[in-house]
């Protein structure tokens, strides 16, 4: 059977050369991270690095390594003017000549790294933005609707790469030669689902809309939703969203009484926005509860936001609860 690799897909989708080359650089970074993760326990690359990131979180050694890999692959790319990373306090600006640059990448180099020691799926999340080549740093705070592409890599029993471009989400799998091979040309999330993903240990902090939705789901066939639900929670956003893309469901990390002062838990530019673009392209819905997530205007590069993503009918049910309660 004929196989389509990433380079062929980029040509087929008529992705502009500047963006295609940058997508290729990001994919190469993800392939290298996958290899590092595969051998990390043998090489002794594990545990905390002894440093914290801008959010005050302990950095794992592999957080730092993954961030360095992104930099190593993007710095030589003449089209990339800036990199925003969860692991960097300020944007990293690359020196470019007058006819170069024009793109910025916002990324979480290694999402879910707290799960590394127990061999749970982790990932990289990234967003592609257009910026003026002469002043990229001043134009990074764009709403998610302005993303020209986005994606993530999931490092599990195989390495998956999901990319969204012009309203279509596609999936690739890393083969033994280091090439990403197309395995799903068009991803579609079922509109209905019977699974939800939320950290149930935070129930005491939830708002009324979240509490009501989960309570109604737990009641199953005898409740107002009229069907049995199952809860799924990995604790790695990439793993939870990848499952939802494959078989439906809804992911919730809402604003609650403990995170309200920060604006939420997940970061808008490099976690929520790229995932929201992918989910919407796959026919799902992305919300903050009160409104569409992709329309949120960022005020800082590390801004946090409440996130509800997944099957459209489930997200709409939750949005109605926010309107009613």
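Sequential numbering from 1, following the chain as shown.
In case you wondered, yes, glycine gets a Cβ from its N, Cα and C as well.
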Problem set entry | Further binder of Mg(2+) 1 named by TrEMBL next to 108, 110, taken from the candidates 72, 86, 87, 130 | 86
For this session: Let me know which member of 258, 271, 280, 295 TrEMBL also records as binding Mg(2+) 2 at the site of 108, 111.
Result: 271
Exercise. Given the binding-site residues 114, 199, 271, which lie close to residue 108 (Mg(2+) 1 binding site), meaning Cα to Cα within 10 A?
Worked result: 271
For this session: Fill in the CA-CA distance, residue 113 (substrate binding site) to residue 271 (Mg(2+) 2 binding site), as an integer in Å.
Result: 14
Seminar exercise, completed: Across the domain 'Fructose-1-6-bisphosphatase class 1 C-terminal' (189-322), DSSP labelling yields 59 helix, 21 strand, 54 coil
Exercise. Using a 10 Å radius around each Cβ and counting other Cβ atoms from all shown chains, which of the binding-site residues 113, 199 yields the largest count?
Worked result: 113
